[in-house]
Amino acid sequence: MINMDVIIHKIHQLTPSIRAFELISANGSDLPAFDAGSHIDVHLKNGLTRQYSLSNCCSEQHRYVIGVLHDENSRGGSRCIHQDYREGDHLNIGTPRNLFEIHSKTQKAVLFAGGIGITPILSMAYRLKHQQIPFELHYFVRSHEMIAFYGNLTEHFPEQIHFHIQNQSETQCEMSKVLEEVAPDRHLYVCGPAGFMQFVMDSAQQAGWSDEQLHQEHFVAPQIDQSQNEAFTIEVLGSDRKIEVSAHQTATQALLEHGFDVPVSCEQGICGTCITRVVSGTPDHRDVFMTDEEHALNDQFTPCCSRAKSKILVIDLA
């Protein structure tokens, strides 16, 4: 993946805890094109790499806009970019990748965003409007002051945007009404906290929507009980090395400690950067990147979070 040097051109305080960072090329050239739903890897000065969705219209090549929530429970990514970066500072980023594309057969769309989940959804709204595809956007927030990109939403999508504010009965969403029209060319896109997304997905499935019509973007992997973790052994194809992975470490950590180079990014099983081929053994899949069908093949796994059901896992790092 190609990395680029960009400059933080502007910083906007969207809400008390969300800032938008407008990024431009350091050499003045256009930035690589992207599609709605794309994200970029941001390599931070504290050594962490984090993924942030692009929120601006994909027809713009002079800038990228990312929205970053300052999470008090952050592992260091959002805290670093909020506290340690100012306008004019340089950032190293990767080229855009898209794991949350608008389905090619979408003729009508329903967009759901919860909190910071508006970031990829906003870019989708721009794209759908440009393509003249009918859509509605339902944005759920805890309070009015927590609405990110309020000006953009009300200016560009006055007929499509619906704000749903917690504990305000007049803004509550009637899910059954929103989801009552079930048609093969109608697709649903959702991004936000895990519980919110599960609620939307469950509601749609109960209303008769098929899995092929439902699309979601994870920012944080669902919590997994680690108390039952067991140690296992990794054998690296082409070497005589046997790497012991303790119950309290990830496969990636064990491999790096023993000198093996494993690309990592999100460290949560979201981005797919670390996917590694499995030669033999059975992985214990804990990622949200691969599909159930891909998991069933057991021919690859994400060492940043997944483990092994078998005692030994033989992998290919070539």
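Each residue, glycine too, has its Cβ placed from N, Cα and C.
Taking a C-beta cut-off of under 8 angstroms and a sequence separation of 6 or more, Ile66 (FMN binding site) has the following same-chain neighbours: Ala20, Phe21, Leu23, Ile40, Val42, Tyr52, Ser53, Leu54, Ser55, Thr119. Swiss-Prot lists 1-97 with the feature FMN binding site.
The NAD(+) binding site feature in Swiss-Prot is assigned to 107-220. Within 10 Å of the C-beta of Asn152 (NAD(+) binding site) there are 20 other C-beta atoms, taking all protein chains into account.
Residues or ranges marked as [2Fe-2S] cluster binding site by Swiss-Prot: Cys266, Cys271, Cys274, Cys304. Under the DSSP three-state reduction, Cys266 ([2Fe-2S] cluster binding site) is assigned to coil, being neither helix nor strand.
Look at Swiss-Prot and you will find 1-103 tagged as domain 'FAD-binding FR-type'.
Mean model confidence for the domain '2Fe-2S ferredoxin-type' (232-318) is a pLDDT of 92. Residues annotated as domain '2Fe-2S ferredoxin-type' in Swiss-Prot, with sequence analysis given as evidence: 232-318.
Cα separation, Glu212 (NAD(+) binding site) to Cys304 ([2Fe-2S] cluster binding site), rounded: 28 Å. Taking Asn27, Gln107, Leu122, Leu137 as the binding-site residues under consideration, the smallest Cα distance to Cys266 ([2Fe-2S] cluster binding site) is found for Leu122.
Sorting the binding-site residues Leu137, Met197, Cys274, Cys304 by the number of other Cβ atoms within 10 Å puts Cys304 first. With respect to Cβ neighbours within 10 Å, the binding-site residues Leu14, Val182 differ, and Val182 shows the lowest count.
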